[in-house]
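Some features that Swiss-Prot has for this protein:
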type: BINDING; residues: GLY30, PRO31, ASN32, GLY33, VAL34, GLY35, LYS36, THR37; note: ATP binding site
Amino acid sequence: MYVRRLELVDFRSYERVGVDLEPGANVLVGPNGVGKTNLIEALGYVATLDSHRVATDAPLVRMGAAAGIIRCAVVHEGRELLVELEIVPGRANRARLGRSPARRARDVLGALRLVLFAPEDLELVRGDPAQRRRYLDDLLVLRQPRYAGVRTDYERVVRQRNALLRTAYLARKTGGTRGGDLSTLAVWDDHLARHGAELLAGRLDLVAALAPHVNRAYDAVAAGAGAAGIAYRSSVELASSTADRADLTAALSDALAAGRTAEIERGTTLVGPHRDELTLTLGPLPAKGYASHGESWSFALALRLAGYDLLRADGIEPVLVLDDVFAELDTGRRDRLAELVGDASQLLVTCAVEEDLPARLRGARFVVREGEVQRVG
């Protein structure tokens, strides 16, 4: 799989730009702040419907414009598919696949499989659990796009259930009875248990498959600096790490029943996949709080490379993007990383100084300036 062409209209700093890309290595060179990351952010958005930099869509649309448009031509197994997304702040995005409008924006998921490593990924190691849950769920959707719907359904149930609990909490706090009716809570418990079990099962399967890839990737990047491990820690008691849906549904139902009083007292849902954690370890110690800056950077990179390797093991050949990575690495780690990714079907690399790149990665070369991208090699 590779992206043959990317076009942006009123996206971030670009009023209009088009870039023809090549299979193999593509290097985007330019000073910081000229828009290199905006280009790869657009590709990441097509792959995940999320930005790796901001939580909402509004900053993606160029100031003063009503909407931003991303178009990319994706070639997979000899066939080209045009994917288009129109981002309208405050409204549902519109999408097209080929010549046909998509019923929902999320229908484009799976058209472009892409793994992106960026400086923000340091938060995978140092940040809060939500960062690691998002990492798992994004990778889950890349492997099996149907999980986008599972995640959306689960998040909707949590919002509805939280609204009910919050209303009851406020009513009781003020001594009133209006709004304190919890008669429908059992219905939302059932929905949460079913949708939560589906999401939890996917995550457990993913972590089991991913763990050996993480250890191998960290060893390759950090050159024997220690064993890297990952494990899934659920907010409910699980009989085993297996992903049997019926058992997981029962476990979630039991946990919701046991925690009902505490949830009413706090006005929020305290158990479920939205409260779970992906734990990261280096040797016997947790990576968060103990890993050095270099170790944290290598671990974050290993998580992305592991996802890339897992997709390839599944028979998926994703696009790999490395945003401003090599400037953070010493010469030895640069060369080892180049060895790991040199055979990617398509690799996009951004850098401020081309000399930071190992020679084997210097493929098609583009210079990025304010508002324009020019191929120079």
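Positions of Cβ are set from backbone N, Cα and C atoms, glycine also.
Bear in mind that the values here come from a model prediction, so they are computed numbers and not experimental data.
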Neighbourhood of GLY35 (ATP binding site) by C-beta distance under 8 A, where only residues 6 or more apart in the same chain count: ARG12, SER13, TYR14, VAL368, GLU370, GLY371, VAL373
Other C-beta atoms that fall within 10 angstroms of the C-beta of GLY33 (ATP binding site): 10
Check: same-chain CB within 8 A of ATP site center, minus GLY30, PRO31, ASN32, GLY33, VAL34, GLY35, LYS36, THR37: THR350, ALA352, VAL368
GLY30, PRO31 as binding-site residues, winner by CB count within 10 A: GLY30
Packing count at VAL34 (ATP binding site) (other Cβ atoms within 10 Å of its Cβ): 19
Most crowded position, judged by CB atoms within 10 A, among ASN32, THR37 as binding-site residues: THR37
Around the Cβ of LYS36 (ATP binding site), the count of other Cβ atoms that are within 10 Å: 24
